[in-house]
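K.L.:
Copied straight from TrEMBL:
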DOMAIN    B:32-212  domain 'FtsK'
BINDING   B:Gly48, B:Glu49, B:Pro50, B:Gly51, B:Gly52, B:Gly53, B:Lys54, B:Ser55  ATP binding site
Amino acid sequence: MSKSSPRRFAGKSTGTVTVIEARVHRSSARRAKLAFILTAVIVGVLAAVVAASYWHPIVALIVGALIGVPCGAAAWLLVRIWPVLQRLWWWATEIVLAVLLLTAWVQLANHTSTVVMLLVVALVVGVPAAIPPVRRQVKAWAWCLIVRHRLRVCFAQFIIANQSGSLPLILWARPTPVGERVWVYLRPGLSAKDLEGRLDKIAVTCHASTVLIERASETNAAYLRFDIKRREVLDARVNSPLVDQIDPTAPVSASPLTVPTALDLPDVDVPTITLPAQGKPAAKKPTNSANGSTPAADTSSAPDDDVSDWI
Amino acid sequence: MTSATPAPASGVPVGPGLSMFDPLFIGIDEFGQPVYLDVIYRNILAAGEPGGGKSGLLNNIAGTAALCDNTRLVLFDAKLVELGPWRDIADEFVGLDIDHGLNVLRRLLVVASNRYAWLLAHRRRKLAPTDGLSVIVTIIDELAMFSTVLGTKAQQEEFSTLLRGLVSLGRACGMPVVAATQRPSWDIIPASLRDLFGYRAAFRCTSLNSSNIILGQGWAEQGYTASDISPTNQGAAYLLAEGGVPRRIKAAYLTDADIYNIADYAAWIRRPAGARLDLGLAA
Ligand SMILES: Nc1ncnc2c1ncn2[C@@H]1O[C@H](COP(=O)(O)OP(=O)(O)OP(=O)(O)O)[C@@H](O)[C@H]1O
Ligand SMILES: [Mg+2]
């Protein structure tokens, strides 16, 4: 459903491949116009009021218009290119990293010989690859980058949010021993309850084994924490610190036990039952009721006594 | 697949002279952090399928309690071997004899009511470490044996009733109860008894429903279900304690040799003063 409607709208536009959904696009045009008018009017009036205390009111009005219109235009532009800014923001970390790497590469290429360059590259790539803890760290942080995009894919693709199509703010992510933990700020239209039914799909989208959601704030229901699990730390054996605290040379203390000798089935005759179980042997029942306990004390009567207590 | 064992021992306060009023180390959580339980003011129920690791958790608690200062152990174990190593230092060890068990529970209840009378006389509502009263830890392995198998129906019901009394009274007077059972459904333990246990540890279960019975309704739907624990990962559990959300933990594991070593050492540090003097002279 969420997939078909944008396609229908997109069909109307003349075959151009738009990054932005048609619905969002339309409302963006409307919002841009609104932003232009509002900003122009408010800034213009404010500027005119200020200018009026220096010049003639008519001059002040013209000054106000001169200041208001460019401000409105700026606001219009901002709203129109907002989707692009949004995408730049989503990829900001990657962009910064790529720029840094490229700059370093170019600088290296310009200032050193090929041999030195190869050496540096070998070091930068080889050291993390060769040292497992460093490699794990790099991988963990790379997953943090990936998982934020995957979560956004979840929200955009199958978690239907609100009319304007605004996505939750995916805040920072950090690695945990089992995967990643991502903080998310929900926008109107979603709640933790809505997401709970889709945890399995989120896990699939994030290439993880399971996902858990917890509230990150006691006071704000919009602020959530996603725990994405793709590893298991709990299958290692945990040693008890008690073992290190004791003196293993302490003398053995064991009270004498009576050790039974009948350890095999043929050694045990029918009536010698060590368990004082009286529910099962039928022979013992009469003596029971004779002792004064309730005659109906057999297993068949279990459901009807004191049911309210046992439910 | 198995990752390196985190070192939970660093900074964990255990050892001789330890007090039950301190948090008790039981294992690590899924982030590798040590997990502590305030056993003293809470009752703990461990449940899960056979071989899940319940007795392992109980032995951790028993081992720590054994090394604790001014702490008494009351043990119920129909299987004998799980808590048997501690029988010499325990004040009471109940095996297959439900009459004995009933008597022990009655005594415990009298102690509990006396303690509350004492607290009342001292204008207090809760036992504090400075009171000098001993902590009496009651540990029951295989609760179902006492509530459904051993003895007559009347005895089993009396056991449940007395235990309910102890569980509801013991909390504030330094008499916590730790119990383990395979499935805490209504036919094994009355709901009125089960719901008194504040801390729950759900070891592996076979169904969402069983997990919900242990942890409480609704957790499985939110993704906290003990049925997703691998059957080969014994000792892993969901622990519902502080924080209100079940946490995945892995209980620390004591081998049989460890358990007997700790038991021997506990018996050694707990030996009566007279014996200490004799040995001191002999040495
Ligand atoms: N924390 C642990 N770490 C690693 N292995 C464990 C742990 N706890 C238990 N095990 C393994 O699982 C086996 C069964 O554990 P345990 O006897 O505690 O299960 P249980 O739940 O008490 O079973 P039952 O219901 O039959 O009494 C142990 O023998 C041990 O090998
Ligand atoms: Mg057991």
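Just so it is clear, glycine is given a Cβ too, placed from its N, Cα and C backbone atoms.
Nobody curates TrEMBL annotations by hand; they come from automatic prediction.
Because the structure is a prediction, the values reported are computed rather than measured.
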K.L.:
Could you name the residues, excluding B:Gly48, B:Glu49, B:Pro50, B:Gly51, B:Gly52, B:Gly53, B:Lys54, B:Ser55, of the same chain that surround the ATP site, i.e. Cβ within 8 Å of the Cβ centre of those residues, in sequence order?
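P.N.:
Nearby residues not in the site list: B:Gln182, B:Phe203, B:Arg204, B:Gln234.
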K.L.:
Which of the three DSSP-derived classes (helix, strand, coil) applies to B:Gly53 (ATP binding site)?
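P.N.:
It is coil.
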K.L.:
I want to check the contact list for B:Gly52 (ATP binding site): same chain, sequence separation of six or more, C-beta distance under 8 angstroms. What comes out?
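P.N.:
Sequence-distant Cβ neighbours: B:Phe203, B:Arg204, B:Gln234, B:Gly235, B:Ala237.
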K.L.:
Can you tell me how many other Cβ atoms are located within 10 Å of the Cβ belonging to B:Gly53 (ATP binding site)?
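P.N.:
I get 25 for this one.
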K.L.:
Hey, of the binding-site residues listed (B:Gly48, B:Pro50, B:Gly51), which one tops the CB count within 10 A?
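P.N.:
Its Cβ has the most other Cβ atoms within 10 Å: B:Gly48.
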K.L.:
Can you tell me which of B:Gly48, B:Pro50, B:Gly52, B:Gly53, B:Lys54, B:Ser55, our binding-site residues, come within under 6 Å of ligand 2 at the Cβ?
P.N.:
B:Lys54, B:Ser55
K.L.:
Calculate the per-residue pLDDT averaged over the domain 'FtsK' (B:32-212) and state the result as an integer.
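P.N.:
Within the domain 'FtsK' (B:32-212), the model's average pLDDT equals 89.
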